[in-house]
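**Student:** Below you will find the structure I want to go over with you.
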Amino acid sequence: MDPILSTAVLSLVIGAVIAFVFFRSYLLKQRSEVQTIAKPDLHSDPKKHSKPPQHVSRKSHSKSHAHASDKDSNKRHHPLDLNTLKGHADSVTGLCFSPDARNLATACSDGVVRIFKLEDASSKSFKFLRINLPAGGHPIAVAFSDDASSIVVASQAMTGCSLYMYEEEKPKTANGPKQQTKLPPQIKWEHHKIHEKQAILTLTGSTATYGTADGSTIIASCSEGTDITLWHGRTGKVLGHVDTNQLKNNMATISPNGRFLAAAAFTADVKVWEIVYSKDGSVKEVSKAMQLKGHKACDFTQ
């Protein structure tokens with residue numbers, strides 16, 4: 001056979017085989033795609049393609065919402081959280097319980113002192129006595145005097161600090177069966193520009209029952225300077241002064257029986273003074289008793 005003819009025949013056969021293989025693979029691919037479209041995946045999750053009934057969705061939504069609200073409620077309230085006192089128009093700057101624990105006095109930046117009656121701590125509403133301070137100052141601290149009907153208020157103004165003692169007027173019995181209208185608390189005594197116009201940091205009160213003390217309430221006002229002043233709760237008389245000699249004070253407090261006065265300043269020590277009473281029950285002097293050490297070098301915060 002002619003070599004040229006044999007080469008042409010061989011090339012034609014090879015080309016036909018290549019074309020057959022190409023078209024066969026193409027047809028198999030098309031057939032597989034048609035089968036995929038005609039038969040969906042039987043192993044897919046039917047929940048993804050099926051839509052649940054509307055009422056089931058609403059129930060589950062309400063349950064989840066209730067569960068979320070319960071969690072929020074648990075975050076907001078502690079098991080021992082009894083109540084929240086409302087009614088203030090600004091930030092609260094002072095708190096003090098009465099000696100009988102039945103009243104709570106709050107000082108507010110809106111210029112009003114409120115005395116809440118805590119007959120039932122779990123009640124939804126509380127009665128409170130409202131005391132409006134003189135214009136120009138706002139209360140920064142409160143302390144009860146002899147009982148729940150009298151309270152000492154420290155007020156801060158541009159001209160300095162002032163102390164006011166308010167006492168609730170007791171209703172007097174008239175000639176008839178009815179009583180007179182109850183009057184609001186009245187100012188019994190007041191002092192202005194105390195502590196050389198420096199701010200008052202703490203105001204605490206205690207009933208003096210130690211030794212020969214006459215049982216009167218002693219009020220201690222601690223300034224941001226170095227001085228602490230003792231006041232007679234009923235009369236407003238100055239009973240004594242203490243200089244802590246510490247650049248600046250942080251706080252001061254009196255022991256429950258009125259024997260000791262303690263003060264903390266910017267140093268790491270606490271100074272304690274003893275209040276000495278005379279035979280007639282009045283304060284005789286305030287003498288330094290001790291200095292408590294052992295704290296690290298840091299400011300006292302409480």
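All positions are counted from 1 along the displayed chain.
The backbone N, Cα and C atoms fix where each Cβ goes, and this holds for glycine too.
According to TrEMBL, the region 'Disordered' annotation covers 38-84. Look at TrEMBL and you will find 48-66 tagged as compositional bias 'Basic residues'. Annotated repeat 'WD' per TrEMBL: 85-126, in sequence order.
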**Student:** As a quick check of your reading of DSSP, tell me how many residues in the repeat 'WD' (85-126) are helical, how many are strand and how many are coil.
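**Tutor:** Summed over the repeat 'WD' (85-126), the classes give 0 helix, 18 strand, 24 coil.
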**Student:** Could you pull the average pLDDT for the repeat 'WD' (85-126)?
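**Tutor:** Result for the repeat 'WD' (85-126): average pLDDT 87.
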